[in-house]
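K.L.:
Pasting in a structure now, in structure tokens, and then I'll have a few things to ask.
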Amino acid sequence: MHNQAPIQRRKSKRIYVGNVPIGDGAPIAVQSMTNTRTTDVAATVSQIKALERVGADIVRVSVPTMDAAEAFKLIKQQVNVPLVADIHFDYRIALKVAEYGVDCLRINPGNIGNEERIRTVVDCARDKNIPIRIGVNAGSLEKDLQEKYGEPTPQALLESAMRHVDHLDRLNFDQFKVSVKASDVFLAVESYRLLAKQIDQPLHLGITEAGGARSGAVKSAIGLGLLLSEGIGDTLRVSLAADPVEEIKVGFDILKSLRIRARGINFIACPTCSRQEFDVIGTVNALEQRLEDIITPMDVSIIGCVVNGPGEALVSTLGVTGGNKKSGLYEDGVRKDRLDNDDMIDQLEARIRAKASMLDEARRIDVQQLEAK
């Protein structure tokens, strides 16, 4: 029931990664990267399908060898989500996966080779209508820039990016997006700010090597949140030393928190105190797990007492306010029923699923009516 975020998106060109639009006001795409051995086709396909189930728009796959390129061919045949091939050092691998239907090529200008090799990759991408991501990383800047700046700086990352943007411009190729990633939040944020002023290509956001599940999520939320709140960013990846599925979940949580893109349930829950009338923490944890399959955007407030419960319920799709033995259930801000505290989880799950089905049906009818006009 909350309004959309009052954020003015940066204007950018439109490209497509497979069937996913990027830039020019398109929904911000959430992506992750496999961490399996790409040559283990079964494991990689299984992980990609798990990422698809939690809403991944795009998945990146590392292709370090020609054997991995051959495996990529088999992987591509078994999944539906667009795949980005991550290429380092050997430009010939990019040419090979292009033959196998890759949806996007990610190259690192710091290690892909000389201009002639880049030209060869670009010509191939143009012929096959494959977009490119220029991926600049603070950890792999070109040697001359390392010597010039002494250490990674926003200006160094910008210069690296612009060097290769200019190269693609000279080759008359505009189907690309750019990233300037760093593990330091301030370095990454300032680099993206500078880059956003220089080009109108889509920007892929990320805090690289952010850390483990908890610390990495925090760093990514701060860094990406700052940029997104300024309207910067067209795709994102939350980089975690964790199950890639968590990257997608955190990515959507960041977008939901900024009211930029909604997917699934946005739970609003109190941290609890001695006033709670039912087990709020247990209820929220259980429902988050049980309702992962719900993709309908909904705000669900679960508050343990009457101090803040009614107020949160007023602006929630569904809201629970703790009471003695029974708790008040609100729907669209109106009190509808009372739920037994001892059976809260099962009752609330049923109500949420019913509401999601109702909202889905209403949206389906709206779409049909629009199409009929």
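Every residue gets a Cβ built from N, Cα and C, even glycine.
So Swiss-Prot lists these for the protein:
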type	residues	note
BINDING	Cys270, Cys273, Cys305, Glu312	[4Fe-4S] cluster binding site
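Can you walk me through where each of these features ends up in the structure?
P.N.:
Contacts of Glu312 ([4Fe-4S] cluster binding site) defined by a Cβ separation under 8 A and a same-chain sequence distance of 6+ are given as Ile268, Ser301, Ile303, Gly319, Thr321, in order along the sequence.
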K.L.:
Judged by the number of other CB atoms within 10 angstroms, which among Cys270, Cys273, Cys305 is the least packed of the binding-site residues?
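P.N.:
Looking at the binding-site residues Cys270, Cys273, Cys305, the Cβ with the fewest others within 10 Å is that of Cys273.
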K.L.:
Which residues, same chain and not among Cys270, Cys273, Cys305, Glu312, have a CB within 8 angstroms of the centroid of the CB atoms at the recorded [4Fe-4S] cluster site?
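P.N.:
Other same-chain residues with Cβ inside the cutoff are Pro271, Thr272, Arg275, Gln276, Val280, Ile303, Gly304, Val307, Asn308, Gly309, Gly322.
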